Amino acid sequence: MYQDLIRNELNEAAETLANFLKDDANIHAIQRAAVLLADSFKAGGKVLSCGNGGSHCDAMHFAEELTGRYRENRPGYPAIAISDVSHISCVSNDFGYDYIFSRYVEAVGREGDVLLGISTSGNSGNVIKAIAAAREKGMKVITLTGKDGGKMAGTADIEIRVPHFGYADRIQEIHIKVIHILIQLIEKEMVK
C-alpha cells in the first residue's frame with residue numbers, strides 16, 4: 001500500500017547523506033568542531049546549544065548525551081541546552097522571541113565557552129542573535145545549518161552545512177548524525 005512511499009523516503013534520505021559525504025569539507029568541519037569542543041572542556045569551558053522546533057530538540061539531545069552518556073559510561077561534560085521554559089517565556093514576553101537565546105548567552109556564556117547554534121534554514125533570528133552575543137563574550141561558535149546556510153553563513157568559527165534544499169526533516173536527519181559523531185569524537189579527544 002505505502003511501500004513506494006517508504007522506499008522513496010528512505011532513498012531520498014540516503015541521497016541527502018551521500019551528497020553531504022561527497023564534500024570532504026564537511027568531514028573536516030566535524031573533526032575540527034569536535035576538537036574545539038573537547039579543548040573547551042579541557043580548559044574548563046562549556047557548550048551552550050540552541051535551536052527552534054526540531055533543532056531545539058537536537059540542541060537538547062546534544063547536551064543530554066554530553067552530560068549523561070552516549071554509548072559508554074564516562075564522566076559527564078559541561079553542556080547546557082537553552083531550553084528552560086521559564087527563561088524562554090520571560091524573555092519572549094519582556095524582550096521578544098528573537099532574544100530568548102542571546103539573553104541566556106549574555107547571562108552564562110564566558111570566554112572559552114562554545115555556542116552550538118542549529119538552524120535548518122540558517123535564518124533563525126534568535127539563533128543569529130545568540131551568535132552575536134557569543135561573539136561579544138569571546139566564545140567560539142559552531143553552527144549546524146542547511147540549504148545555503150542562510151543569514152548564518154559565514155558567522156561561525158566552524159559551520160557544518162547540509163546542502164539540501166527540500167524539506168527540513170532531511171537536514172535534521174543529517175544534523176542528528178553529525179551530533180552523534182561529534183559526541184563520539186569528543187569522547188576520544190577527552191581521553192588523549
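Glycine is treated like the rest: Cβ placed from N, Cα and C.
Since this is a predicted model, take the numbers as computed values, not measurements.
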Annotated companion of N52, G53, G54, E65, N93, D94, S119, T120, S121, S124 at the substrate site, Swiss-Prot, chosen from Q3, Q172: Q172
Spatial neighbour of S119 (substrate binding site) that is closest, considering only the binding-site residues H61, E65, H180 and their CA atoms: H61
For the domain 'SIS' (37-192), mean pLDDT (0 to 100): 98
Residue from H61, E65, H180 whose C-alpha is spatially nearest that of N52 (substrate binding site), among the binding-site residues: H61
CB contacts for N52 (substrate binding site) [other CB atoms within 10 A, all chains]: 19
